[in-house]
Structures are given as structure tokens and as C-alpha cells.
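> Take this structure, written in C-alpha cells, and hold onto it; I'll ask about it next.
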Ligand SMILES: Nc1ccn([C@@H]2O[C@H](COP(=O)(O)OP(=O)(O)OP(=O)(O)O)[C@@H](O)[C@H]2O)c(=O)n1
Ligand SMILES: C[C@](O)(CO)[C@H](O)COP(=O)(O)O
């Protein structure tokens, strides 16, 4: 047991929690409320993400990391929307960066949590099968598990230059070896807590949690992601999310 992990109660089996960082502003989506609170199909994006995590029977606790001054509003939202009763819910205020928000969510976990999922509020439509596949891989012994997709675009490595200026191409990585990474990412709790406690990476260097675990030297594995687990980042993503949700609702009506 790591010195950073609280002592578990031996009388209860270890549980799985999902931490949902939802404290971002959504600058790339354009002006408006914090992204997680914006509506998708009439319901805040965050509520979709919470439901997506709670849909997994493996998940017994969901920790929402709210915008720093928005925890009371998020608590009210969770109270107002129907959510599975077998799941517990906690809300904590977030930080300036995604990395800080995730760490604040980890700090709130009770002692009996052994497996942690970290899931972007901005990926509201991830199917439950993807969530379950990630949890299963962690329970099978992988300390860090990432859902990911093969790429359809060819990727170039460039020398970044001023915005809009031509950028010299440095390399074309072999596409078959590349994966586009999604969430929820799943972790053995001790490994993720250690990564957040010891790997301090600024800015672009820490765009996901698995990247921090890689820096510890611990193994990270990829399982198949899902195209509907895409991240709502720009306005076009929101249009796509509305279309996917409308199709699901139409299918459910029959
Ligand atoms: N300080 C932050 C920044 C981001 N996030 C969360 O991390 C997830 C993925 O980040 P991203 O899509 O980049 O969201 P934003 O930071 O809100 O987007 P943008 O960069 O366009 O402002 C989101 O659920 C977001 O709320 C967070 O909890 N705390
Ligand atoms: C964690 C993540 O969603 C995996 O693809 C992604 O790295 C978050 O990046 P963002 O640009 O901060 O949204």
C-alpha cells in the first residue's frame, strides 16, 4: 500500500470510482457557460457524462470536479436530474488545469476505492460497453488502460510556427502505430495517485492521465475505443453530438 493511499476498511470489498473533470471553460467551443454545463439535447453535457459512468454496474461512486466557483450549482444539477440510485455522487471544486482538477478529484476518494476511471465531462456519449471494457482490463491486472481508435487522417510532425504561417514538416509517423486516445481512462488507484503526486508536467505535456503514468515507467495498455466517445471541443462537435443523441432517442422510442 502506498503511503499516499488511505487505509481501506478490510470488511468492504474494493470499489471502482469515476472521477469526472468538469471544471474547464470550453474556450474552443465559444462564448457561453462552462462547457460541462452547456445543453446537449436539453440536458447539461455533464449529466450525460455522469449517466454514462453510472450506467456501468462496476462504478459505485462518481466524483464530479466542478468549475472552481460552481460546486453548489453542480450539486443542484445532480439533485435535479434522475441518476441511478445504486451509485454515490460527490462534487468537489476543480482547479486551473485539467491535471489539477483530476488531482482534486482523487483527493476526495474514500479509502475503499481500488480502481479509478477518469472521464472527461466533454465526452458525454461514451457507450457503457467501452466503460466496462476499461474497468475489466484494470481488474485483469493492467495498472493503466486507455480506450483509443485507429486514425483515419495521416499525421505529420511539424516545427510549430506562428499561427497561419507554413510549418516545416519534420516527419510522417507510421499511421498503423498511432492511436487517438479517449476517456474513460482506467487505473489502479495507487498507480494514478503516485503519478499525480510525483509527475509534475506543465501544459501540453500532460494532456491525459495515462501520459503521466507512462512517465512513471508503468505499463499502459490500449483497448478499443468507440467513435461515439468523441470529445466535444469545437462547435462542429456539438452539432455531431446532437445528431448522435437524436438518433439514440429515436431508436429508443421504437
Ligand atoms: N481546469 C480544467 C480544465 C479542463 N477540465 C476538464 O477536462 C476535460 C477535457 O478538457 P477540454 O475538452 O480541454 O475542456 P476545456 O478545458 O473546457 O476546453 P477548452 O480548452 O476549449 O477551454 C473537460 O471535461 C474539462 O471540463 C477541468 O476539469 N479543469
Ligand atoms: C484526456 C483527453 O481527452 C484524451 O484524448 C485529452 O487529452 C484532453 O485534451 P484537451 O485538449 O485538454 O481536451
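In case you wondered, yes, glycine gets a Cβ from its N, Cα and C as well.
The model shown is predicted, which means the values in this text are computed figures rather than measured ones.
From TrEMBL, here are the annotated features:
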| type | residues | note |
| --- | --- | --- |
| SITE | 28 | site 'Transition state stabilizer' |
| SITE | 35 | site 'Transition state stabilizer' |
| SITE | 175 | site 'Positions MEP for the nucleophilic attack' |
| SITE | 231 | site 'Positions MEP for the nucleophilic attack' |
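I'm curious about the neighbourhood of these features; can you describe it?
Secondary structure at residue 28 (site 'Transition state stabilizer'), as computed by DSSP, is helix.
A sphere of 10 angstroms centred on the C-beta of residue 35 (site 'Transition state stabilizer') encloses 25 other C-beta atoms.
Secondary structure at residue 175 (site 'Positions MEP for the nucleophilic attack'), as computed by DSSP, is helix.
Cβ neighbours of residue 231 (site 'Positions MEP for the nucleophilic attack') (same chain, under 8 Å, six or more residues apart in sequence): 120, 122, 123, 182, 237. According to its DSSP assignment, residue 231 (site 'Positions MEP for the nucleophilic attack') is coil.
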> Counting across all protein chains present, how many other Cβ atoms fall within 10 Å of the Cβ of residue 175 (site 'Positions MEP for the nucleophilic attack')?
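So the Cβ neighbour count for residue 175 (site 'Positions MEP for the nucleophilic attack') comes to 12.
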> Which recorded sites of 28, 35, 175 contact ligand 2 in the sense of C-beta under 6 Å?
none
> Would you kindly give the Cα-Cα distance separating residue 28 (site 'Transition state stabilizer') and residue 175 (site 'Positions MEP for the nucleophilic attack'), rounded to the nearest Å?
27
